Amino acid sequence: MPFWGLQKQLGIDVDTWLLRQSMPQPYGQAAACHAFEREWVECGHGLGQTRARRECQLEYEDFMECMKRTKLAKRLRTILEQRDKMIKEGKYTPPDYHMGKEEPRP
């Protein structure tokens, strides 16, 4: 506990930029990555910054993947490249509804 609570006296909260998922959410529902953020914060609680970076690396990576979806995007890109390669080789033909050739529905 700080000796002089400047954030409290000024009515600002500098920590909210870090704890995005813990902030009040619309409709009172928990955010999608709230569980991952909570695990990360609980892991690093009471540790120093240097030690928390080393010991809580897995929790932090899970949280960042949930927030940014970088691994998912890379996997999707690889799948689409493989599909395009198979189309060029003639081993795969996508269905008509994937090519926009399906008859329009009423």
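The first residue you see is number 1, and the count goes up from there.
Every residue, even glycine, has its Cβ placed from backbone N, Cα and C.
Straight from TrEMBL, the features:
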- Cys33-Cys66: disulfide bond (DISULFID)
- Cys43-Cys56: disulfide bond (DISULFID)
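There are 19 other CB atoms within 10 A of the CB of Cys56 (disulfide bond), with all protein chains counted. Here Cys43 (disulfide bond) is positioned 17 angstrom away from Cys66 (disulfide bond), judged by their C-alpha atoms.
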